[in-house]
Amino acid sequence: MPVTVKVRRVGQRGPPLELPRYETDGAAGLDLRADEPVTLAPGERRLVPTGLALEIPPGHEGQVRPRSGLAVRHGVGMVNAPGTIDSDYRGEVGVVLVNHGQEPVTFARGDRIAQLVIGPVVRAELALVEDLASSGRGGGGFGSTGR
């Protein structure tokens, strides 16, 4: 079921870019675009502005996720993936990109740099206890189930 996310343009770095949209009927994410040109040297990370601020409905969040094509073709990913946009955040959405490749990568203003996925949030109530229920996995982590 669709939810309405209000969008405001911010930054005024040039003519308005098109609003994020789903590129296919089955797409989970809306494409976010760079609102200014940026070149990332190998190993460099940078916060890239999108020119958008959002009003996400209460009970929902936005997740900013990397685009797989950028990773495959250029070695570009996100430092904090996914990045979380809380429903009460009203500032400009930025994407922290990093170039893991061997060559500089340039994005023009308007290039697609990430995806925005809107989803529900479940808030937990924590209960402090003396013991936890046992499980088949126990305390094994960090690849322990792949032996």
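Note that Cβ sites are derived from N, Cα and C of the backbone, with glycine treated the same way.
Fair warning: this is a prediction, and the values are worked out from it, not measured in the lab.
Per Swiss-Prot, the features are as follows:
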type	residues	note
BINDING	R67, S68, G69, N80, T84, I85, D86	substrate binding site
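Known features from Swiss-Prot, placed on the structure.
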residue	record	Cβ neighbours (10 Å)
R67	substrate binding site	20
S68	substrate binding site	10
G69	substrate binding site	10
N80	substrate binding site	11
T84	substrate binding site	11
I85	substrate binding site	20
D86	substrate binding site	11
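According to its DSSP assignment, I85 (substrate binding site) is in a strand.
Spanning the residues R67, S68, G69, N80, T84, I85, D86 that the record associates with binding substrate, the maximal Cα-Cα distance equals 26 Å.
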